[in-house]
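Contents: one structure, followed by commentary.
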Ligand SMILES: [Fe+2]
């Protein structure tokens, strides 16, 4: 399965806690407890609350310097190890607090933190996968169903990129630019989301981070240069995989 919000969420949510140094028998017992959470919700909540580290920073599928000169090693390293890690930490903390919360008002008060950090985690998890080094076909869109659909829905691939860049550059403040698939109309659409809001109205095909931390150290205030450059390292193979899954 290629990258999707569901794939990212399932991979981390279903992963039992790592119990380094614990006996295999005890680890097995706790894993069973975790799996049976539908039958033993209170015990599982207690365990998760005390050992909450369910979400982890995914490894990049390439080296930090592999996207140069289009995205610098410095940006990639900071973006991945500092910014994404902060969302992971924030999500784990919010989920731990949610598991401990005893009232509806306490749960409602955590919604903002869950949305911001959860969105940050899953958006970035998709983002790393939709980039690829040039020598691994980054930026190359071969003949196939995605290219056909882009030409059908936007007139041409270049026309799509121009409209995508214009919409994404127009975001006020921080956010994300998206190519998404509309299951109702069965067409590709360009969309934007603010802050770390995930794309919920469409199935994400390509997401581009337009927070300043994604480009400022290299492109300063010139968002358009960053947006023009990133097409050189877009992983269209991954995008086409997401497209094909969305259109099943
Ligand atoms: Fe980011």
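Cβ atoms here come from the backbone N, Cα and C positions, even for glycine.
What TrEMBL records for this protein:
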- 79, 124, 209, 213: Mn(2+) binding site (BINDING)
- 55-132: domain 'Manganese/iron superoxide dismutase N-terminal' (DOMAIN)
- 144-240: domain 'Manganese/iron superoxide dismutase C-terminal' (DOMAIN)
Per DSSP (three-state), residue 124 (Mn(2+) binding site) is helix
Taken over the domain 'Manganese/iron superoxide dismutase N-terminal' (55-132), the predicted model's pLDDT averages 98
Once DSSP output is merged into helix, strand and coil, residue 213 (Mn(2+) binding site) belongs to helix
DSSP says residue 79 (Mn(2+) binding site), in three-state terms, is helix
Other C-beta atoms within 10 angstroms of the C-beta of residue 209 (Mn(2+) binding site) total 26
Across all protein chains shown, the one of the binding-site residues 79, 124, 213 with the most other Cβ atoms within 10 Å of its Cβ is 124
Not counting 79, 124, 209, 213, residues with a CB within 8 A of the CB centroid of the Mn(2+) site are 80, 83, 84, 127, 211, 214
Its residues classified by DSSP, the domain 'Manganese/iron superoxide dismutase C-terminal' (144-240) shows 46 helix, 24 strand, 27 coil
Reduced to three DSSP states, the domain 'Manganese/iron superoxide dismutase N-terminal' (55-132) has 53 helix, 1 strand, 24 coil
